[in-house]
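Q: Okay, handing you the structure first.
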Amino acid sequence: MNDVLDVALRLIVVFAVFLVLPLVVGQTEHKVMAHMQGRLGPMYAGGFHGWAQLVADGVKFAQKEDIVPAGADRRIFQLAPAVALLPYLLVLLAIPIGPGEGAVGQVIDAGLFFVLAVMGVGVLGSLMAGWASANKFSLLGGLRTAAQLLAYELPMLLAAASVAMAAGTVSLPGIVEAFAWWWLPWQIVGALVFFTAGLAELQRPPFDMPVADSEIIFGAYTEYTGLRFALFLLAEYAGIVVLCFLTTVLFLGGWHGPFGAHDIGWVWTLLKTAILAFVVIWLRVSYPRLREDQLQKLAWTTLIPLALAQIALTGIVKVAIQ
Amino acid sequence: MSPAATLAAAATTGPGFLSPTGVEIAFVLVGLATLGAALVTVTTKQLVHAALWLVVALGGIAVEYLLLTAEFIAWVQVLIYLGSVVVLLLFGLMLTKAPIGRSPDADSGNRWIALGVAVVAAASLVWVVVDAFRTTWIDLDGPVQGSTKVSGEILFQHWVLPFEALSVLLLAALIGAIVLSRRNDPADASDKGQR
């Protein structure tokens, strides 16, 4: 009975994190963007600093009519948001925020493979949405999504493989356990490649060509309204949370900090994740959108050679220190 | 199954077919679902639906790997097949022809030959697997037999030559693809500039 209770408790906690953190990131994005760009809109609702903006957004989405276009493939159109969102929930299960068994949803032996594999599945949701909407802009958005995933999956995997080589394990708690401070300069190139490729996989600016509003309205999500559209947005924010957690765990030492790694380790993890999430938002307001050919060129001629060089460096250092 | 029955089964001949455990039942059920999804994949008239049913079938196989304690292989299956191959397939479909609804011409005159080949291939595979693993049972309570460490050791100690041969084959395919996609004909140079 205790085991069942334990599993249930872990699932509830992970689900709560899944529901809360993306919304926190969303609210932060509202505020940070408002400050950086001098936007007045998000600062108004509710009074002090526009604290109720997120609530107002939620009410707006819930009120909107749920429309399925007449020419659409009904079932796939309706299924797509769930396929886009659920993988991120599964990934959160495997991410350790502190040392020991108590601070991770489920210890998975091949955790690194698990998170990268399941994150890759999420893009199927965008593809399904783009195809099933019966809209040429949606289809173009779906195509761009697929091309982007194919280009950026490889550097992401290579950068992650470099860390796995350095740690000698593919288990996420094992990687953080093996971390030492000098990994930071050693793996810095891999970290940058991983973070950039992750941003591109989430279609965050400056890699938001698949949803470029000036060309193809909103890409694969053009025909969506109401709660289903909100689910796609939630998937994007959940993706930011997962990417920042992963970068923290793989490259920034997770729960290691200047002091108190074993008592307040989870604070360090959350702090690093929050800083990375801020950087994601910051990049959105500071960089213009890359054109489609620039996107592909960046992946194939810059990120992949950098990731391969990082793997070579990791191998050389690894052999040298043994 | 009651504890007494478990004890009785263990006392006689070890694991048997007549007293299936929960994992065995799950294995058979997932297998049936996978088979069903695979059948729909090849019989449906809607092209994109076929690709999506393929996702279900490949995912079912990953679950089977998990139930066989081959955790590493299962995640690699998800990573390569669900995350990359199917995305490539859908990309290709969307680029060429992916109508919503039925495609009446999505049929082949060779369906009976194809069926024959499929049945023969399935029969030989089932025969080989059954013959090879006839008396092997996985001890679920013992150490994990398909963990990353075990898979890596076996792959790079016993099977390193086939592994290297395969990587050379893949490299050849990669170079071949690059050669095929490059156009050295000067007449095509202007055409390439427009893309």
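Yeah, the Cβs are placed from backbone N, Cα and C, and that goes for glycine too.
Because TrEMBL annotations are produced automatically, they should be read as predictions rather than curated entries.
Pasting the feature list from TrEMBL:
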type	residues	note
TRANSMEM	A:7-26	transmembrane segment
TRANSMEM	A:79-98	transmembrane segment
TRANSMEM	A:110-133	transmembrane segment
TRANSMEM	A:154-175	transmembrane segment
TRANSMEM	A:181-200	transmembrane segment
TRANSMEM	A:229-252	transmembrane segment
TRANSMEM	A:264-286	transmembrane segment
TRANSMEM	A:298-321	transmembrane segment
Q: Of the stretches A:79-98, A:154-175, A:181-200, A:229-252, A:264-286, which racks up the most C-beta pairs under 8 Å with the transmembrane segment (A:298-321)?
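A: Looking only at A:79-98, A:154-175, A:181-200, A:229-252, A:264-286, the most contacts with the transmembrane segment (A:298-321) come from A:154-175.
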Q: With a Cβ cut-off under 8 Å, give me the same-chain residues at least six positions beyond the ends of the transmembrane segment (A:264-286) that come close to it.
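A: Same-chain residues near the transmembrane segment (A:264-286) but 6 or more away: 25, 28-29, 32-33, 36-37, 96-99, 103, 195, 199, 204-206, 240-241, 243-245, 247-249, 252-257.
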Q: Please identify the stretch among A:7-26, A:110-133, A:154-175 with the greatest number of Cβ pairs below 8 Å relative to the transmembrane segment (A:229-252).
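A: Comparing A:7-26, A:110-133, A:154-175: A:7-26 has the most Cβ pairs near the transmembrane segment (A:229-252).
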Q: For the transmembrane segment (A:110-133), what are the same-chain contacts with Cβ under 8 Å, counting residues 6+ beyond its ends?
A: 69, 72-73, 76-77, 79-88, 90-91, 94-95, 139-143, 145-146, 149, 153, 156-157, 160, 163-164, 170-173, 175, 201, 203, 210, 219-224, 232, 235, 239, 242, 246, 250
Q: Please report, as numbers and ranges, the same-chain residues at least 6 past the borders of the transmembrane segment (A:181-200) whose CB is under 8 Å from any CB of it.
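A: Cβ under 8 Å, 6 or more out: 148, 151-153, 155-156, 158-160, 162-163, 166, 207, 243, 246-247, 250-253, 256, 276, 280, 283, 295, 299, 303, 306-307, 309-310, 313-314, 317.
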